[in-house]
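Visitor: For reference, TrEMBL lists these features for the protein:
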| type | residues | note |
| --- | --- | --- |
| BINDING | SER7, HIS64, GLY140, PHE141, GLY142, GLY143, ASP173, GLY174, GLY175, GLY195, SER196 | substrate binding site |
| BINDING | HIS31, ASP33, HIS64, ASP173 | divalent metal cation binding site |
| ACT_SITE | ASP33 | active site, proton acceptor |
| ACT_SITE | ASP173 | active site, proton donor |
Amino acid sequence: MTKVAPSILSANFATLKDEIKSVEVQADYIHVDVMDGHFVPNITIGPMIVEAIRPVTELPLDVHLMIENPDQYIDAFAEAGADIISVHEEACPHLHRVIQQIRQHDVKPGVVINPATPVSAIEPILQEVDLVLVMTVNPGFGGQSFIDSTVGKIEDLAKLKADYGFDYEIEVDGGVKPETAKTCVEAGADVLVAGSAVFKQDDRQAAIEAIRSSYE
Ligand code: DX5
Ligand code: ZN
């Protein structure tokens with residue numbers, strides 16, 4: 001069954017605990033967007049917030065690092081309680097080393113590609129990762145429009161997974177809402193990240209239900 005990972009980027013940070021509780025019953029992961037103001041033009045949260053929300057929920061914390069030099073921060077995010085840590089291919093000249101560093105902490109490693117990055121850029125690492133995150137917007141902000149040309153990459157990753165027996169989950173992130181979720185699922189997505197489509201809605205359970213019922 002396709003997983004849904006609400007992104008707390010669109011939540012109310014003043015009441016983060018309650019925000020997480022409001023999605024906990026229906027969500028599969030809590031998606032945590034970490035931005036440094038360099039790799040992307042926005043600044044969000046660091047390991048202290050991950051540590052603070054760790055006891056709030058038993059759901060896996062799916063930490064998406066949109067930062068330069070992620071190797072310098074992986075230890076801190078792992079110790080703070082991340083269950084999955086994903087790094088951008090575009091930020092990692094030594095991608096294998098960073099993936100190994102994540103796994104050494106018993107944390108699941110993921111690799112992320114921006115809309116303009118081809119799947120071929122990560123083919124050598126596919127057998128090493130537990131998650132491949134396909135950005136369906138340019139990272140940095142919630143509430144952007146889904147970029148249709150990324151769908152072919154979801155299909156390619158699903159085919160590679162089937163052909164070679166890889167066991168990564170394919171996650172999509174950006175502009176996911178009931179109108180776009182079905183396309184992603186049909187292309188082969190296993191995990192749907194949704195920020196504004198969940199946290200900008202008053203009824204979170206209905207919002208997640210609307211995403212799920214668009215493809216079920
Ligand atoms: C974008 C972030 C996303 C963001 C998605 O840079 O990586 O996780 O929260 O927000 P929506 O779902 O509103 O596009
Ligand atoms: Zn994200």
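All residue numbers here begin at 1 and follow the chain in the order shown.
Heads up, the Cβ atoms here are built off N, Cα and C, so glycines get one too.
Annotations in TrEMBL come from automatic prediction, not curation.
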Visitor: At a 10 Å cut-off from the C-beta of SER196 (substrate binding site), count the other C-beta atoms across all protein chains.
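Guide: Summing over all protein chains shown, SER196 (substrate binding site) has 18 other Cβ atoms within 10 Å.
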Visitor: What is the number of other Cβ atoms found within 10 Å of the Cβ of GLY140 (substrate binding site)?
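Guide: Total other Cβ atoms inside 10 Å, all chains included: 17.
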Visitor: Taking just the CA atoms, what is the gap between GLY175 (substrate binding site) and HIS64 (divalent metal cation binding site) in Å?
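Guide: That separation, Cα to Cα, works out to 16 Å.
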Visitor: Provide, as an integer number of angstrom, the distance between the C-alpha atoms of GLY142 (substrate binding site) and ASP33 (divalent metal cation binding site).
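Guide: Here the two Cα atoms are 10 Å apart.
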Visitor: Given the recorded divalent metal cation site (HIS31, ASP33, HIS64, ASP173), which additional residues of the same chain have their Cβ within 8 Å of the Cβ centre, ordered by sequence?
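Guide: Output for this site, in sequence order: ALA5, SER7, LEU9, VAL32, ASP62, SER86, LEU133, VAL193, GLY195.
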Visitor: Please identify which of HIS31, GLY175 has the densest Cβ environment, defined as other Cβ atoms within 10 Å, among these binding-site residues.
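Guide: Per the Cβ count, the most surrounded site is HIS31.
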